[in-house]
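Here Swiss-Prot flags 4-24, 51-71, 100-120, 124-144, 159-179, 187-207, 223-243 as transmembrane segment, drawing on sequence analysis. What Swiss-Prot lists as N-linked glycosylation site is N32, and the listing cites sequence analysis. Annotation source Swiss-Prot lists region 'Disordered' at 285-305.
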Amino acid sequence: MGDFIGHISPGLFLVFYGLYQAIIVSRALILNDSLLYPSYLSKNKGKWARLWQIAHAGWLKVVSGSLLIVYELNCVDEGLTFMTKMIPPRFMYPKEWQHLTMFILLTLDGCVEVVSRSVLRQRLVLLERGATVLGVYVLLLLLVSHVKDSSGVELQVHSLLILVVFLLMLVLTAELWAPEMVHLWVIETFLFLTMGSWLMQAAFILFRPVSGFPWEDDDISNIMLVTTFFCWHVMINALCMLGIYGISSFWHRCYRTGLMPMGSKEVLYHKSSEGTFYKLLQKAEQQDRDDQAPLLSKSSPCDRA
């Protein structure tokens, strides 16, 4: 799995997952809706109601994890053996086994989400979040040991990835106690996007550099440029989330206006017009009464005489 496809495939999955999460979070922010129990699931009783209730993110994890497992098993020509038959025996393919462990946990996380949302009578949110947190904890441990024999540019690339995974672990752990906090979901989505885009960038840095020449580990400018690239990814992903929020806000505003019947719009217009006219009429009558009051007070002595 230590090749171009092995890095860009998980990166693509994380980017798509982050974009999906960004749309969900934007919708919840715009409509002031629940993130775990959105209102459209209970209101939608039409023809496509069952489609909306499918655990899309869970199935995405299951399919992506299964494909990555198959790819990892086929990467080793001799077969992914665990130990040699020599004496003393030695462990074989440690990094490949680490990759396989990551993808198995991703698949299990998706299975837990699918079962919780689509099979069980009552959704177990704590179980879903717990499975995700467990996967990220294991991912962090594997990545820390994954870079033991790395140096130079490769070490810097993976160190920045470890930083993102560590922050994601903290956010997901906090969500166990505050699962409906929107701020945590926004940060989580941003970190997923950053991790995915950085994995894709790492595939080009380590295996297919744009210049056609491998990066030199002993050149400090390369290390600095890698960090600069990472900062660019942070800014681009932040702008991407802002763009998704803006587009979602515009779409929901137009969608709501389009769904409002014409009759209701006219009724609202007439009601508002009649109300405004009635208020103006009341003000005019009150002003006439105030103007007539001094005249009546002046004419009253003459009438008495």
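Here the Cβ of each residue, glycine as well, is placed from N, Cα and C on the backbone.
Take the transmembrane segment (4-24) and the stretches 100-120, 159-179, 187-207: counting Cβ pairs under 8 Å, 187-207 has the most. When Cβ-Cβ distances below 8 Å are used as the criterion, the transmembrane segment (187-207) is approached by residues 3-8, 10-19, 21-22, 25, 153-154, 157-158, 160-161, 164-165, 167-168, 171-172, 175, 215, 226, 229-230, 233-234, 236-238, 240-241 of the same chain, each at least six residues removed from its ends. Within 10 Å of the C-beta atom of the residue listed as 'N-linked glycosylation site' sit 8 other C-beta atoms, taking all shown protein chains into account. Residues 35-36, 125-126, 129-130, 132-133, 136-137, 139-140, 143-144, 147, 185, 187-188, 191-192, 194-195, 198-199, 202, 226-227, 230 of the same chain lie 6 or more positions beyond the ends of the transmembrane segment (159-179) yet place their CB under 8 Å from a CB of it.
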